[in-house]
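*Asks:* Checked Swiss-Prot, it gives:
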- 1-17: signal peptide (SIGNAL)
- Cys43-Cys57: disulfide bond (DISULFID)
- Cys50-Cys61: disulfide bond (DISULFID)
- Cys56-Cys68: disulfide bond (DISULFID)
Amino acid sequence: VLIIAVLFLTACQLTTAETYPRGQQRHHALRSTDKNSKLTRGCTPRNGACGYHSHCCSNFCHTWANVCL
(Lines of atoms letter the chains of each structure in order from A and count residues from 1; the text may use other names and numbers.)
(Lines give C-alpha, C1' and ligand atoms only; values in the text may rest on other atoms or scores of the structure.)
Protein backbone atom coordinates (compact mmCIF):
# COMPACT_ATOMS: atom_id res chain seq x y z
CA VAL A 1 0.00 0.00 0.00
CA LEU A 2 2.84 2.38 0.84
CA ILE A 3 4.53 1.76 -2.50
CA ILE A 4 1.30 2.54 -4.36
CA ALA A 5 0.89 5.79 -2.40
CA VAL A 6 4.45 6.88 -3.20
CA LEU A 7 3.99 6.09 -6.90
CA PHE A 8 0.71 8.02 -6.98
CA LEU A 9 2.24 11.10 -5.32
CA THR A 10 5.22 10.98 -7.69
CA ALA A 11 2.91 10.81 -10.69
CA CYS A 12 0.90 13.79 -9.42
CA GLN A 13 4.06 15.86 -8.99
CA LEU A 14 5.32 14.96 -12.46
CA THR A 15 1.98 15.89 -14.00
CA THR A 16 1.96 19.23 -12.16
CA ALA A 17 5.55 19.94 -13.21
CA GLU A 18 4.66 19.37 -16.87
CA THR A 19 1.52 21.51 -16.66
CA TYR A 20 3.22 24.72 -15.45
CA PRO A 21 6.38 26.33 -16.83
CA ARG A 22 9.32 26.53 -14.45
CA GLY A 23 8.81 29.17 -11.76
CA GLN A 24 5.25 30.10 -12.68
CA GLN A 25 3.60 27.63 -10.31
CA ARG A 26 5.82 28.64 -7.38
CA HIS A 27 4.92 32.34 -7.65
CA HIS A 28 1.24 31.57 -8.16
CA ALA A 29 1.21 29.46 -5.00
CA LEU A 30 2.85 32.23 -2.98
CA ARG A 31 0.35 34.82 -4.17
CA SER A 32 -2.52 32.48 -3.38
CA THR A 33 -1.18 31.79 0.12
CA ASP A 34 -0.63 35.49 0.76
CA LYS A 35 -4.14 36.34 -0.39
CA ASN A 36 -5.72 33.59 1.72
CA SER A 37 -3.84 34.61 4.86
CA LYS A 38 -4.97 38.23 4.49
CA LEU A 39 -8.58 37.14 4.04
CA THR A 40 -8.66 34.83 7.04
CA ARG A 41 -7.06 37.12 9.62
CA GLY A 42 -6.44 40.83 9.97
CA CYS A 43 -3.08 42.30 10.79
CA THR A 44 -2.18 43.88 14.12
CA PRO A 45 -1.83 47.69 13.92
CA ARG A 46 1.10 49.72 15.23
CA ASN A 47 1.62 49.41 19.02
CA GLY A 48 -0.61 46.32 19.06
CA ALA A 49 0.49 43.19 20.90
CA CYS A 50 2.66 40.71 19.04
CA GLY A 51 4.82 37.75 19.92
CA TYR A 52 6.83 34.95 18.36
CA HIS A 53 4.31 34.57 15.51
CA SER A 54 3.62 38.23 14.81
CA HIS A 55 0.90 39.36 12.45
CA CYS A 56 1.87 43.02 12.39
CA CYS A 57 0.67 45.10 9.43
CA SER A 58 4.21 46.46 9.10
CA ASN A 59 5.70 42.92 9.39
CA PHE A 60 7.93 44.17 12.23
CA CYS A 61 7.51 43.15 15.88
CA HIS A 62 9.67 44.53 18.68
CA THR A 63 10.19 41.21 20.44
CA TRP A 64 11.53 42.68 23.68
CA ALA A 65 8.49 44.95 24.19
CA ASN A 66 6.07 42.64 22.28
CA VAL A 67 4.53 45.48 20.24
CA CYS A 68 4.15 46.02 16.50
CA LEU A 69 6.33 48.74 15.02
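One-based numbering along the chain as shown.
Glycine is no exception: its Cβ is also placed from the backbone N, Cα and C atoms.
Help me picture these features in the structure, burial and contacts included.
*Replies:* The Cβ of Cys43 (disulfide bond) lies under 8 Å from the Cβ of His55, Cys56, Cys57, each on the same chain and at least six residues away in sequence.
All protein chains considered, the CB of Cys61 (disulfide bond) has 21 other CB atoms within 10 Å.
For the recorded site, Cys56 (disulfide bond), the DSSP three-state label reads strand.
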*Asks:* How many whole Å apart are the CA atoms of Cys68 (disulfide bond) and Cys61 (disulfide bond)?
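*Replies:* If we compare the Cα positions of Cys68 (disulfide bond) and Cys61 (disulfide bond), the gap is 4 Å.
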*Asks:* Fewest neighbouring Cβ atoms within 10 Å: which of the disulfide-bonded residues Cys50, Cys56, Cys57, Cys68?
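*Replies:* Counting other Cβ atoms within 10 Å of each of the disulfide-bonded residues Cys50, Cys56, Cys57, Cys68, the minimum falls on Cys57.
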